[in-house]
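Q: Quick one: structure below, then a few questions.
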């Protein structure tokens, strides 16, 4: 009987550990995705502006505005999303336990919002830092592409490890997606910019 109880306790501990690891992996994966979003959107924005305005200050200010706007948007979106999940879980706990709520098991909307904004900001800092200290336009564009490429590969690898997906395929998918976003933004802005000069 005693050995049976010990076995049950060990199984419960293993389940708790697996649950904790799963929650941690979800948070880390969300952080990687947020950072990747900040990286690609800010770099694409800077590349787009750089297609028509070669001034370093304009590129940096545009990137910084993208960082602030994106971080705020991510934080608000995550807060609303997690708060909805929080309300659902509270209602479910009340039904199951007759009114008792275990707050430590509930998601924190504030923490989720802060983590999302921070992850986005960290990703967005990569192209900003790459461009900040380069005055020559072509070298600056090259520095942004190189820095973003390295970061995309790293984020792709991290996402694959956390999601237990094939590393090479995942990294290539993230890399190609980032390159496409930058190339499309640059190309369209360049096209519109060149046509707008004809009517000025």
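Heads up, the Cβ atoms here are built off N, Cα and C, so glycines get one too.
Got these off Swiss-Prot a minute ago, pasting:
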type     : residues : note
TOPO_DOM : 1-31     : topological domain 'Cytoplasmic'
TRANSMEM : 32-52    : transmembrane segment
TOPO_DOM : 53-59    : topological domain 'Vacuolar'
TRANSMEM : 60-80    : transmembrane segment
TOPO_DOM : 81-113   : topological domain 'Cytoplasmic'
TRANSMEM : 114-134  : transmembrane segment
TOPO_DOM : 135-140  : topological domain 'Vacuolar'
TRANSMEM : 141-161  : transmembrane segment
TOPO_DOM : 162-173  : topological domain 'Cytoplasmic'
TRANSMEM : 174-194  : transmembrane segment
TOPO_DOM : 195-200  : topological domain 'Vacuolar'
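Help me understand the surroundings of these features in the structure.
A: Confidence over the topological domain 'Cytoplasmic' (1-31), given as mean pLDDT on the 0 to 100 scale, stands at 54.
Here the transmembrane segment (60-80) has Cβ contacts under 8 Å with residues 34, 37-38, 41-43, 45-46, 49, 109-110, 112-121, 124-125, 127-128, 131-132 of the same chain, all six or more residues outside its ends.
When Cβ-Cβ distances below 8 Å are used as the criterion, the transmembrane segment (114-134) is approached by residues 27, 30-43, 46, 56, 59-60, 63-64, 66-67, 70-72, 74-75, 77-78, 140, 143-144, 146-148, 151, 155 of the same chain, each at least six residues removed from its ends.
For the topological domain 'Vacuolar' (135-140), residue counts in helix, strand and coil come to 4 helix, 0 strand, 2 coil, using DSSP.
Beyond the transmembrane segment (141-161), the same-chain residues lying 6 or more positions past its ends with a Cβ under 8 Å from any Cβ of the stretch are 28-29, 32-33, 35-36, 39-40, 43, 46-47, 50, 123, 126-127, 129-131, 134, 167, 169-175, 178-179, 182.
Proximity of distant same-chain residues to the topological domain 'Cytoplasmic' (162-173), defined by a Cβ-Cβ separation under 8 Å and at least 6 residues beyond the stretch ends, is recorded for 25, 28-29, 32, 152-153, 156.
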